[in-house]
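Here the structure comes first, spelled out in structure tokens, and everything after it is commentary.
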Amino acid sequence: MILGIESSCDDSSVALLRIDDLAQILHKKISQEEAHSVYGGVVPELAARLHTQALPALLNDIKPYFKQIKAIAITNEPGLSVSLIGGVSMAKALSISLKIPLIAINHLVGHIYSLFLGNEIALPLGILLVSGGHTMVLDIDENKNISIIAKTTDDSFGESFDKAAKMMGLGYPGGQIIGNYARECKDKDRFSFTIPLLGDKRLEYSFSGLKNQVRLQIQSLENLTQKDISDISFAFEKTACAHIMDKLKRIFNERKFKRFGVVGGASANPVLRDSLKDLCKNSNCELLLAPLEFCSDNAMMIARAGREKFLNDEFTCYKDLKISPKTSKLRL
Ligand code: KG4
Ligand code: ZN
């Protein structure tokens, strides 16, 4: 089995994946969402402290399988340094005591593997990655090389939901909360926000202007009612998704993808999923979606990425395994 460990942000998670048939043997996750909710975002110092409690607890669940583990796949970048260090330290200690090799996994690459948890990878592949830290459109060729076609110049898609939720005092993470309020909206034409960079030829995303439009709308209303929140949430979600789709349509016109996947925590967004289904259907392109359970951060996707590297003998020497808040070269 491959042991996957993930601690790049506010989730501590471990998973065991069988190498031969990709059977998912165990998946445990301790989320810190409630602890960060009062602050409207992840507080690094708190995240680090909670990882030091959660990771040893998760280790107990793995103990019965120690003898069957052939390698440890560990997220070492990108993420919060103070969070990454917790998982990496545990992985290194286990590697020494159990005498098994380490495999360093880029968190974004891990998200891409969430599309292939139960099957072998299929390439070439286009990807939309939407998480709390990233918004990117990627092209992956047959040789696993990844090129970035578009990315955000400021906030990410998921982060813009978190910030909109924070401005309305709704807690963290904002994605699902905003979505739930949007579904309650009965007055769909009440507010309308401008789609960022509409008509602009640049293939890039920007969510800071939309965030500002939401802020000004909130300020113009004296006391926010539940109805106000639902109506703003609806208009915001619609505009954020329209921005993603506007640039994607242009990209689809330029590149004829045969296969396209959407990954990352925000890929659970139902409005985005429906729009992508339409785009792919009209473009004769197969749409790949990860199971909802594995859209947000989890160690199973890390174990899955590790299994691929294990089969290719791509191990990481103990001394070379370093953490980094930023991403180095992306490669599947
Ligand atoms: O991938 P993830 O679990 O963590 C990072 O790697 O960042 O993504 C978390 C992000 C948060 O910003 C959260 O608000 C967003 O994904 N998210 C959503 C939805 N569910 C989670 N954003 C929009 N719509 C959703 N349904
Ligand atoms: Zn993530």
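Using the three backbone atoms N, Cα and C, a Cβ is placed for every residue, glycine included.
Annotated substrate-binding residues in TrEMBL are Leu129, Val130, Ser131, Gly132, Gly133, Asp162, Gly175, and among Asn253, Asn269, Asn282, Asn284 the one listed with them is Asn269.
From the candidate list Asp274, Asp278, Asp297, the residue TrEMBL records in the Fe cation site shared with His107, His111 is Asp297.
Gly133 (substrate binding site) falls within neither a helix nor a strand when secondary structure is assigned with DSSP, and so counts as coil. Ranked by Cα separation from Asp162 (substrate binding site), the binding-site residues His107, His111, Asp297 are led by Asp297. Asp297 (Fe cation binding site) is 9 Å away from Ser131 (substrate binding site) when you measure Cα to Cα. Distance from the CA of Asp297 (Fe cation binding site) to the CA of Gly132 (substrate binding site) is 10 Å. Just so you know, of the binding-site residues His107, His111, the Cβ with the fewest other Cβ atoms around it within 10 Å is the one at His107. Across the domain 'Gcp-like' (27-303), the prediction's mean pLDDT works out to 97.
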